[in-house]
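For reference, the structure discussed in these notes is given below.
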Amino acid sequence: DSNAENTREEHKEIEKPGDNCSTQGSIQAKKKVDISGKRIAKKFRVLLSNRKVDKIFFGTVDKPIPNKVETWRILYDDGDVDIMSHDEILGAMRYYDINRKYDTNRFHKIPTSPLLHESEEEDEKGGNNKTQPSIAKDLDNRSRTGASPPKRGKKTSAKVARKEPIPVWTGPPDEQIDGGWPMGWVKRVFERKSGATKGSRDRYWYSPKEKFKLRSMVEVKRFLKALATSKGDEKKAKETMHKY
């Protein structure tokens, strides 16, 4: 019995709160990995052929937003830009794993953000190309075995986001919202010209000042709520709309 009590006392000493916190902290630090460059997927409600359907959009996690805690910029393959928190990105990464087979652009080059800061612009102009982890590992293995490195292809400039097609209709939004639409909002309707969904139409809404493109009325309403809180600052509203 005395030996059992001593054993219990030893376990109590091992499980001191301070020690436990430091252990958890080290585990959490290991779990925090760089998510920049990761592929994500997100489902949006869109209008196709006069009916609403759920559509999956694929994108890539860009660099963290300066001076914003746990917030990253998302670059969608169609050229749109979004803002996500760390938890939202983890959820979008899990959703991507489920729908990976539908991602026709998963071997793409990481696009360049349209919202660059000065330091990022310098990296782009200098041709500072980043090597993917799998390629870097392969190069490292080749150097150890003495094998000749793979031939380098010719240098190419950074990808420019493709131009938006010509809309079949442009005008003020005709959807009903509480309080009415603020001055300057524009709605555009695009018709698909090829593929299995040829003839289907996509609707987008554009903000007055920054011309942010929103994919659904759900996003529009979230943006307007954030805009009211940010006192009309559209950039701040775009960054914080995920909270609403």
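Residue 1 is the first one shown; counting continues down the chain.
Backbone N, Cα and C define each Cβ position, glycine as well.
Among the features that TrEMBL reports, compositional bias 'Basic and acidic residues' is placed at 1-18. Residues or ranges marked as domain 'MBD' by TrEMBL: 171-244. Residues annotated as region 'Disordered' in TrEMBL: 1-27, 112-174.
Applying DSSP to the domain 'MBD' (171-244) sorts its residues as follows: 23 helix, 15 strand, 36 coil. Across the domain 'MBD' (171-244), mean pLDDT in this model comes to 91.
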